[in-house]
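> Handing you this structure, nothing more for now.
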C-alpha cells in the first residue's frame, strides 16, 4: 500500500527511535557553505539538543530575541503543535530556565556560544488525545523517556517496566529476547534498569503487533495517570518553615511534601498570583477562603527562583485557561510597578483552532528503525473505516485496523480578563465533526539494518480518542493531614467512556449555558458507526461497576478524612479525645479501600487493554481480588461497630462546644460536603451491603464451572457474614443519623434524639386550617407525629408547629365528610387535625405507617415525648368529633434563630419532599443504600443534538453531576423523587441506543449509557427510587398527577429548589 499524503512527515535529522546519540551537531547551512568572516561576527551558533538526543546547530544574530531561535527549531522539525514545547537552559545556579521568546538571547543565556539548550515539553495537557499530531505524541513519548531516565517521572517498578516495554515496542518492534537484551544493554531507560529487566521483557511480549504510533499513545496514556506526570519541582517552604515543593499543572498550583501531593489550588479558586522578593503569594477568591486567610505565602530560595516560578504559573494559566493571550498593559508614563512579563505564544484554544483549520501543510515523515522486525499482525489487518469510539481501558484495540480518526481538543473556557481573576474551568476534549481526518501508516519493519531498508507503508490503527479527566489529586483549601493518608496509587484503568460519533461536515452543537464548562464530550446528531472495543462479558461490566462505585466511595471518605480533618486541625475546634475517636475508626478503613481501589484499577486495565487478547484469560476475572479483600474486611468489624458511638459523641460535642458547632455548620455549606456531614459516617457500613449485592450478581452470572465462580462464592460468604453481624448496628446507625440530621434542620426542637425513638416517615401533607389547605411537612416517629411549616424568612429550615403523641391516636378516612380528595383525620388525645395527601398512594402509605406505629406505641411506656424549645399545644381537651382549625400561623409567632442558615442545602429528602409533594419512609432510606450507582453518562443538550459527557453519582435519591470522577464536588444535582423514567418515544427524535428519559411535569432530560448492561443498571436503580420510592408498578399512572379536586387548594410548587439541575438547565 502506498504512502498516504499528510500522514507522515520526513524527519530531516538522522536521529532514530533507538535514541542513539549523535556525536556532532548538524548545521543549518547548505553543504560546503561557510560564513564569511564579516558574517561570522554578526552571527553566532547555538547548540540545541533535541528530544532524540541529537544536537543541532542554529545560526542566529547575537542580539535577536528568543523567538527567532524558537522559530528556526520549529521550522527545522516541521513541528505544527509547537506551542506545547520550549527551549530550556541551565542558569548559574544550575536549575533549568525556559527561554523567553520576547527577550534577547544574550540577556538570558550566559555565554550562549558555549551553552547547550535543549528542546523539552513545556505544557503537559491532561489527556494525550488532545495532541492531534502523531509526531507531537512521538516527541511527548521521548520527553517521558527522558523523564524516566532523569528520575523526574517517579513511579512503581511495574509501571516503569510497562512504560519501557512500550518504548521498546516503538523503537525495535515485536519481542525478540536476544535483540531486546542487547538493546537494553546498550541503551539506558532507567537507573538500575537491570533489576527490572525480566519485567520489561515480560511486558514487551504482550505488545505483539502494536505499531509505533500506538506504542507512543500507550506511553502517554499510562504516564498521564501518574501523579508526577509533567511535574517540575521548585523547592520552597511555608510560613512555618516546613520544606515543601511547588509545581504547576493545567489544573492549578500544586503543593508537595516530598513526592506526596498535599494541596491543589485550582485556577478557579485563585484570584491573583504574585511575588515579592523571595515570597510567592497566592490570593484566593472570597468564597474559597471564607473566614480563613485569603493569601497564602511560600518562601523560595531566591528572588530569581521565585520570579521564574511565577512566570511558569502565568504561562500555564494563560495557555490552558484563556481563549486568547491577555492584551499587554499600557506602559506607565513615569513609573512602572511589577513585572511586564506575559505569555506571548498561542493558547491551547488558538492552537487547536489553527491545527483544525489546516494551519500548516503536513509533510510526510518516516520512522526509520534499526533492527526492527516485521509485525505480521500489523501488516495484514486492514479493516474498513470506522468512527471514533470512547471505550474503556488503554484505548487501542486488540485487533488493529485502519481508521479515520478525528482528534479535537477542548474548547476554551469563556474569555477571562488579563491576569488571574474570575477564572472558570476549562472544558475537556471534544470530537469535532469538522476536524480534519488523519490517516496513519506504519513504516514497514524488517529484520535488516535500517540503512538498507526502504520505507514501505501500511495502514495502521491510531490509538483511540481521549478520555476526559484532569490530573490526579484533589484540591484543598487548607493544610492537609499526614502525607501517609494522601499517598496516590497508580491508576491504570480509565473511567467509563461513551461512544462518540464523527461527521465530515456540520457545525458543532452549542454548549448549554449551564455545565458548559463541565462537558467532557460532545456528539453530533448524524448517523454513528459503532465499533466498540471492550469485553462483552457481563462480569466485566459488574467489575467496572465495582470500580466506579469504589471511586465514589473513596471520595466520600475523603470528605471526612481529608477535608473535614483539615478544617478541624486549622481551627482546633474539636476536643482531642473526640478527634482520636473519629479518625482512629475511619482512617484504617480509608487506607484499606485505597489499596483495594488500586488493585481493582490495575485488574480492569489488564482486562480491558490490548494485551488481554494475547493472554489466557488470567486477568479477565475479579473474584480473586474480591475474595482476598472481603476476608480482610472482617478485621474491620470492630471499627464499623463504633461508628454509632462516633456519631453520638460528635452530636454531644457540637451541643456543648459553640466553636465546633460553628465549624460543623460552616463546613456543611462547602461544596465538597454535598450531603449532610453525618451521612458520610454511614458510608463504610453501607458499602458492605453494596459489596454483597454486587457479589450476588457475579455469582448469579457465573456458572458453577467458571474459574471465577469459586472465589466469588467464597467472597460472598465472607461479606455476608460481616453484613449479618453488622445489620443491627447499621439499622441503629441509620436511625441515629436521621434523627441527628432532623434535629439540626428543624427550628424550635431539642432532644429529638431520645432512647427508643425511631424515625418512620417524612413527607408533605396539606393541613386544613382557617385559611384552607396549608402545606405542612410531617415527621412520623415511633412515639409521636410532628408537623412543621417552612420559614417565610427566606431560610430553608422548617419550624415546629406542633406534635401529637401516638398513644391513644386514631386515624380515619374522611373524604366524604370534607369533600377533599385523599384526606384523612387524625384524632389525638388533645387535638384533631384533617390532612390531605397529594395522591391515593401517598394517603395509603401514611395511614398504613400511622396505624402500624400506633399499635407499636401501645407497648411504649407512659412518659410523654420531651421536645424543648418548640411551641407545645396545651389547649382545652375537645370532643372526638371537634376539628381543630389551625390559627393563621404564617403571619405571627417566634420564628427561631435562623442566622447563618440561609444557604442550607436544598436537595435533602426533607426539602425535595416539600417541593415534590411526596414522602419517604425509613424502609425507602434503607432501600436507597442498595440503589447507589456511579459512572459516565452522556446528557443531551436541551437546544441542540449534542451530548455532554458527565460523571454521574446516584445516591440518596439524587443524581449528582461532575466533570470527571476526580472532581471534589458536584457541578449540579437532580433530586429524582417524583421523576418517572422511561424509554424515549418516537416524538422525542432520539436516534441513539441505550438512552433513557427522565421526566417530572415539564422537566425532561435524556441520558445515554455506553452499553446495554449499564443502561439497564441505570434504569433499574432510578426506577426503584424515582417517582415515589417503593411504589408498585400498578400505581404509576395514579401517582403521577394530582387529583383535580385538590389542585384548586394546592398551589403548584417549583419542581426543585436551587441549586439543582432542574433550575439551571
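Each residue, glycine too, has its Cβ placed from N, Cα and C.
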> According to Swiss-Prot, one residue among 863, 1043, 1058 carries the annotation phosphoserine; which one is it?
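863, according to Swiss-Prot.
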> Given the ranges 874-902, 903-931, 932-960, which one is assigned the annotation region 'Disordered' in Swiss-Prot?
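That would be 874-902, per the region 'Disordered' entry in Swiss-Prot.
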> What average pLDDT is reported by the model for the domain 'PH 2' (930-1027)?
90
> Considering only Cβ pairs within less than 8 angstroms, which of the stretches 44-324, 538-729, 758-855 has the most against the domain 'PH 2' (930-1027)?
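Counting Cβ pairs under 8 Å, the winner is 538-729.
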> So, by DSSP, how many helix, strand and coil residues make up the domain 'PH 1' (758-855)?
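The counts are 20 helix, 50 strand, 28 coil.
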